[in-house]
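Copied from TrEMBL, the annotated features are:
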| type | residues | note |
| --- | --- | --- |
| ACT_SITE | D155 | active site, proton acceptor |
| BINDING | P103, V104, A105, S106, G107, L108, G109, S110, S111, A112, A113 | ATP binding site |
| DOMAIN | 81-163 | domain 'GHMP kinase N-terminal' |
| DOMAIN | 226-289 | domain 'GHMP kinase C-terminal' |
Amino acid sequence: MTAASAPGKVILFGEHAVVSGAPALGTAIDLRARVLVEDLPGKTEISIHGLGLRLSGFSVDSDGRVVSLGSSDEAAAAARYVSAVVKALDVRDVRITVSSEIPVASGLGSSAAIVVATLAALSHHMGIDMEVKSIAAEAHRIEKTVQGGLGSPMDTALAAYGGYIQISDGVTPLDLPQMDLVVGCTSVPHDTRAEVARVQELRSRYPEIVDPIFKAMGVISRKAVPCIKDLDLKELGRLMNINHGLLEAIGVGTRELSELVYAARGAGMALGAKLTGAGGGGCMIALPKEGMCSRAITAITQARGRAFVVRTGCNGVTVED
Ligand code: MEV
């Protein structure tokens, strides 16, 4: 039996701009996806648990395709990622059990964490010791295949390496201190692929407008690094507010997201707040003032969000026998 786990993530700065090559900054959070692999002679089975979603008994055919889907779309989507890993590693005769604390379809990196943890657990079970670098690269390839197209390596790199990562020309892990952030989730699921496609379409229609916005987002991502290093949270909050405005400008904000952003900023509870990830739904993050975490959570909850505290800079993928 082998178990592996990998963290979810939040993008701090530069989402969408990163797809067009501008720098982005993200961090691994203390919510994890766990994958257990056991021998199961004659069969390959995938079970998905988590977040009140419970669906067992997926079967996978010899091409690694899921052949029996259950009633939950979220569990079915997770099983699709797992079966893509099964296919890539050409593994059979195993039971794979996935449980995840990471809310799905919220921009918190649930699918990347599942892919990375599955790759680590399955390869270890097969006696192959994949380096973290190879896990990150293979997970990115698999995630892109399942999502059918565009996508930066941000989520899979964070699930594999943990900590903080800057993506620009390549993947650069950064050594930065941990912080507490408040995450607020709207109940609107988002579709990363659709949001990325919409933004890229806007860019091809108005390159002279969208490219400078992406460039400004990239500058913010770089400016944020010394702010986190020195824990200059006031400046960091300002950068979050500017980045949120730019994300609104490219059309990925929603009324629900902005209500949570303004609720968190209201009465000075947060130093800054912005949507995180692809937008169009999903989650926002707020940087609470010292001692204001629970008041920020109350404000987001009163604005009909689901709010919780996350710690940034958490460990990447881990394997246990
Ligand atoms: C999604 O979490 C972040 C985006 O920048 C897409 C990507 O980086 O692949 C919107």
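Glycine is treated like the rest: Cβ placed from N, Cα and C.
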### Message
Other residues near the ATP site, CB within 8 A of the CB centroid of P103, V104, A105, S106, G107, L108, G109, S110, S111, A112, A113?
### Response
G8, I102, D155
### Query
What is the separation, in Å, between the Cα atoms of S111 (ATP binding site) and the residue listed as 'active site, proton acceptor'?
9
### Query
Nearest to D155 (active site, proton acceptor) in three-dimensional space, by Cα, is which of the binding-site residues P103, A105, G107, G109, A113?
G109
### Query
Of the residues in the domain 'GHMP kinase C-terminal' (226-289), how many are helix, strand and coil by DSSP?
35 helix, 13 strand, 16 coil
### Query
If you check the binding-site residues P103, A105, G107, G109, S111, A113 one by one, which have a CB less than 6 Å away from any atom of ligand 1?
G107
### Distant-in-sequence Cβ neighbours of A113 (ATP binding site), under 8 Å, six or more positions away
A6, P7, G8, K9, R32, A33, S100, I102, D155, A159
### Query
Can you give the mean pLDDT for the domain 'GHMP kinase C-terminal' (226-289), rounded to a whole number?
96
### Query
For G109 (ATP binding site), what is the tally of other C-beta atoms lying within 10 angstroms of its C-beta?
29
### Query
Which of the three DSSP states, helix, strand or coil, fits G109 (ATP binding site)?
coil
### Message
Using a 10 Å cut-off on Cβ-Cβ distances across all protein chains shown, tell me which of the binding-site residues (P103, G107) has the largest neighbour count.
### Response
G107
### Task
Compile a sequence-ordered list of residues in the same chain as A105 (ATP binding site), six or more apart from it, whose Cβ lies below 8 A from its Cβ; state 'none' when nothing qualifies.
E74, A77, P189, H190, D191, G281, G282
### Query
Should the residue listed as 'active site, proton acceptor' be counted as helix, strand, or coil on the basis of DSSP?
helix
